[in-house]
Every structure is written in structure tokens, then in C-alpha cells.
């Protein structure tokens, strides 16, 4: 009636239970029951039981109820069925509870414990009464005994910064409630366990019913990740409108998903009962994550750290500008070129070679000297260019026929830079600029699909909630927007900023050199190392692209896209080796097309290694053979300065190499013609053969890093050889290159220390990888791998500066006095 008073909730509940009790418990009528009491009974096809549990919920309080059931029957044909009816939902299961594993193996559990979906807190100021019905039934024609226990959970809501311990099993999952405090916008859920197995799953789900807390449905909702000993999930307030969520813990029936194996005792016995044999003790702690101010501090730190490199470069450039102006104030005639022990006039090469070592030596006093001191009118304009593609690769020269024969010049015992810098400067410079334009083209075509793919990866992670797709350091993964680990992306800004700075430094040098050429400066005509900047520009672009692709990889790092992070590392190492070789061999260095084609082959091998390199022995045999043969072929070409003809068949190079080795080293036991080069190539081949044997024996799973190690070791070996030979030739190391060499060594050592602090590994399962996760170490925002990004960017920058400035001491040395090695 409209004006009558509503009955009190307590009175209504008592009347309901009294009426139910009057009808009895068996036969489908509900029997009043009490929490915390064990009820035992039996059911069959004609007899079922219904229990009614009533409780009072306080205002604003979330009450949770847990139901424990047990049945001694192992009969899968007639299981006991349990149905729990609540005000807004129904939950049901059977005993024995069956879980399915790999290859349709089944695991039966007779003890089941489930937490019912808690009632939502009401805005009412008065307590509210709740009632729960538990139906127990079976289709068995005989009695099946069971046990029932219903309890109210006391510690259902997790607290901030307070650890909570509990136990779970496949048939007894657990979940708890967490509410965001007023001043917290983001939290990290840390879950640890002393035992790696059984494999478990941690899930974060919104406050909705039903709660998905079984192995076959835990992935249906929310965010989840598998776990062995450790798991961590970052949760943001904005993702949950109700500012609260459930943390669900599920134990899997098998350990296969976490890297374990299926128990051998199960083979042939798929109906074994497990009960409490797969319990796991867990501890969960929810701690606040970083505040927004930390994001701002981290971004300022990242950019300001590398802007300091710009400031340092400006200071060095200013000092160089001042010192250059002081030098220009001194009359040119007073500049003592001979002060370095170098005469302005030309001298025959034979006069400077040791006695008895004039094999193949040519007196260049007339030709080389005449060419160097020719009048400016006879030279083409410094800024002029040519569009002839034939000229770029032409060996045509106006010098006498005997000196234009490269086979004679390049096989001299003692070679000088003038012997290998005979081509027109403009043509060679254009040839090396192709490196720059080609790498830009490669970068665009390579990066765009990569960016599209990693965006798709991140979208899949955000939509499905499957955090096993990406191998983050979850203890230090700070999300921003749609990105799950913004800190790993931000730390790559150093590669891009320092790569751009290196381009500016190279551009400055290029402009100064062009001005000097226009002024017909004596020091730029036939003195010092020929200035070709195309490879340096390509190196700068490669460094920037390494930052871009490394950031793309860290959007969702995993086994499939690791090659994105290493592709331009191969190119950087290869370009550095090419630049080091080009320094004293400007006329015979590889063309851009052959160099990039070689890099493409390496990347193809890397992809094949990722696909087949795990267990396929045939791949390692083929790769090792290719590696050894490529080392021998390249060694032969380097030893003979590219004049070793291959004949009609590429196998001819190996046949001729064997013949030369037999004739010079076995039949005649003669001393190698080029001893320094021979020592370098022997050591280099030993290193590469060692890599090939190591790969064949151990077959490392990280094939991309294995190839990168080969590149880096060869680069370091060649750089060490170059510096040693430079010092042997009485050349100097100026302060700037010396500073760069020391800085490179120190920064690389620090960077490698952080690199080997493994924080995750896609060579293992996601759960095993999370065991390596560690907290942030810098500003509470960056982890060890981020520090590696910072330091490796600086180390690469200093490495590039070493190559750029290493031979600055030769700018006033005639090229016919600069040895080739």
C-alpha cells in the first residue's frame, strides 16, 4: 500500500527462513545453515539438498563469502553438482572438478573452494540483509557423500604497502579486492613466491560478476600474466571508473606455460586425482607507483643530459675557431711544414723505403710531385660536379701508362696513401655520398612497417590484456598513454640526439673543407687523409635509426621483433669498418651497393637464425661453412688490395689462395710479402673461426646477438690494429682523438656492465623472464637497461668521433709520406 510502512529487513529475512525450515531441507526445500559449520550429507538422482545462508552487510562494506566443498567420489560419470544462487548471479561447478591440459590430458580435483562474487556496497545508511542458496545434486542412482563449508572472508580487501600471504591451488583459486586511496593514481601489484612451480596466473579484473577465476576462463577478462616466482602488474586509476578492482590468482593444472614439463607419471593415467598436490604459497603487496612529476623529471634529465653534448661540441668548435684564426694571422711562409719532419718538396718513395725492400717500388718524384704542384688552372673547379655515372667507377687516368696500372701500384711492398688516392676527388666523393642517400632510403622503407607492426603489438596487448606477449621489466615499466613501458622508449632519445649532433659535426667539417678547397689551401690539395664525408653522414643516420628502431622494439619486446633492435647495429659496425678501411684505401673501398647488399645478406641470415637456429643442426653447419669461406675470401681480397682476380668462377679465389699458400709458405718457406696485413688477417681468421666453432658447438639461442658479437669483435680487432700501426709509423694522437679514445673505452665498459644486467629474456617463457625483473635504479624511473641505452648512445658517439678525428695529425703531411696499412 502506498502509505504503509515497509517491513523491517530483519523481520522479512527471519520469516523467509522460518518458512523454509517448515518445509524441511531435503527434497529441494532450503534448510537454514550457519557460516563456519561443516555440513555432511549424501545426494542421488531422487534426493538433493538446498542450504540457505543469511548474513547482514554493513553500509559501505564489501562482504565476500567462500564456499568449500568436497566429495569422496571419483566417479566422473556421476559427479556432484553444486549451484550457488545469489541476488544477482549464479555460480556452479561439479565435483570431481576436471581441468584439461596439454594434449587433452585431464586432471581431477575432489576438493573445490570458490569465492562468491561479493555484493556491491549500497549507498544506504542502514545495514542490508543478504541470502545465499547452495543447491547440491547428482544424477547418480546411488548415494554420493559430500561436505560443505561456507565462511565469510575477513581479509578480503588488500591494503596499500601491506603484504598479504595466502595459498591457492587449481581447484581453489583466490581473489581479493583493492580500492585506490585518494592520493594514488597508479599502483604496482607485486606477487612473489618461494617456489617456481606450480605455474600460476595473476589477473586484474574490474568489479563485475562473474569473476573469471578458473584456468579455462581467467584470460577472458582484464589484464593477466603468468608467473613462477615473481609477477608485477601496473594498474592505473583511470582504467577503472569505480576506482577499485579484483586481483585474481589462478594455479594452472600444468607447468608447460611457465617453462615446466608435464609430469611423466601422467602418461597413460589421465584420470588421476590431484586434490592438494599443486598448492602454492603466494604473497601479494600493492605499492603506489611513481607520480606524474617523476615523468617530467625523467624527460628533463634525458634531454638535458644529451644537450650537454651539444654544449660541449659548441665549446670545442669555438676553441677550434679561435685557434684557427690565430694560425691564420701567421704568414704562410713562416708555417714550418718541415717542423713535423716533412719536407715541402717531393721525394721519391724509394728514397724513404728501407734498403733491400724496393720490390715493386716506383719513383714518383716526377709524376706524383708534378701532379701535386700543378697549377690551379689545370684543375677543374672545386665546386664543379659531374653527372656521368661512368666517371664514378672509371679507372681512367692521364698519368703515364706504367703508373696507371693498378696491378703494379697496389702490389708494391710499401704502399703510400698517394698510391691509393689517385682517382678524381669529385668522383670518389660522389661515390661515397651514395652511402648517405641509400641509408636514408633503407631507413624509410625499413622503419615504416616496423612502426606499424609494433603499434599493432601494443594494441593487441591493450585489447586482450595478455601481458605475456611483451617481455618488459614489469618492476620498472611505467606506462604513458597507450604505451606500456614509456621509460624504455624515452631512454633511446640519446641515440637520436647524438646521431643528429654527429651529423652537424660532420657537416661543419664538410663545409670547412669545401671552403678550403675553394681557397686552394695548400693543406687540402695533396696533404692528409682525403676528406670524403659520405660514410660519416651514413653513420650519423644509422645512429639515429638505431634509436628509432630500438624504441620500436621496446614498445613490445619479444622474440619475433628483436631483429628490429639489431639490424642497424649490424650496419653501424659494418659502416665503421668500411670507414676505417676507406681512410687509407679511398680508391678501393667497397661501393655502397655492394656494402648494403652484404648487410642485407647478414640480416637475412639473422632472420633465418631466429627461425631455424634453435634446434636445427643443419642450419649451424651451413652458417659456419659460409662464415669461414667468407672470412677467407675477404682476407684474400684485403691482402692483395682487391687485385686478386677470381677468374671465371668464384671458387677460383680459394684455389688461387691455396696455391699461393703452398708456394710461399710450404714450398719456399718465404716471408710473407705484406707481413703486417698477414698478421692482422691471421688473427682475424682465428677469431672468426672461433666464433664459427662456438656457434656450431653451443648453438646459442640469441642468434641476432651472436652475429652482432662477430661484427663488434672484428671492428675492435681492426681498430686496435689501425691504432698500433699508426703508432708504429711514428704518427701522433692529438688531444681530441686521445680524449675520444679514452672516453670510448670508459663509457663502453660502463655500458657493457649494465647491458649484462639481464632484466628479461625472450629466450625463456614470459613467467621465467619475469624472475629476472628488478626495480628501477635511476630517478625511480629508469632501470639497468635504460642506463645501457644512455651509455651506449654516448659510447657510439665517442666511437664515431674517434674515427672522425683519429688522423687529424696528418692534415699537414704529404700523402706520399703516409703509409698504407
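Cβ from N, Cα, C; glycine included.
Some features that TrEMBL has for this protein:
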type	residues	note
COMPBIAS	365-375	compositional bias 'Low complexity'
COMPBIAS	388-398	compositional bias 'Acidic residues'
REGION	348-398	region 'Disordered'
SIGNAL	1-22	signal peptide
TRANSMEM	298-322	transmembrane segment
TRANSMEM	435-455	transmembrane segment
TRANSMEM	489-507	transmembrane segment
TRANSMEM	535-556	transmembrane segment
TRANSMEM	562-581	transmembrane segment
TRANSMEM	593-612	transmembrane segment
TRANSMEM	618-640	transmembrane segment
TRANSMEM	678-697	transmembrane segment
TRANSMEM	703-724	transmembrane segment
TRANSMEM	736-756	transmembrane segment
TRANSMEM	787-806	transmembrane segment
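The stretches the transmembrane segment (489-507) and the transmembrane segment (435-455) are not in mutual contact, being linked by fewer than three Cβ pairs under 8 Å (pairs 6 or more apart in sequence). Below 8 angstroms of C-beta separation, residues 432-433, 435-436, 438-440, 443, 446-447, 450-451, 454-455, 457-458, 461, 469-470, 483-485, 488-489, 492-496, 498-500, 502-503, 506, 562, 564-565, 567-569, 571-572, 575-576, 578-579, 582, 789, 793, 796-797, 800, 803-804 of the same chain, each at least six residues beyond the ends of the transmembrane segment (535-556), sit close to that stretch. The stretches the transmembrane segment (593-612) and the transmembrane segment (678-697) are not in mutual contact, being linked by fewer than three Cβ pairs under 8 Å (pairs 6 or more apart in sequence). Same-chain neighbours of the transmembrane segment (703-724): 562-563, 565-566, 569-570, 573-574, 576-577, 580-581, 583, 602, 605-606, 609-610, 613, 627, 680, 683-684, 687-688, 691, 695, 733, 741, 802, 806, 821, counting only residues six or more beyond its ends whose CB sits under 8 Å from a CB of the stretch. Contact between the transmembrane segment (298-322) and the transmembrane segment (562-581) is not supported, since fewer than 3 Cβ pairs fall under 8 Å when only residues 6 or more apart in sequence are counted.
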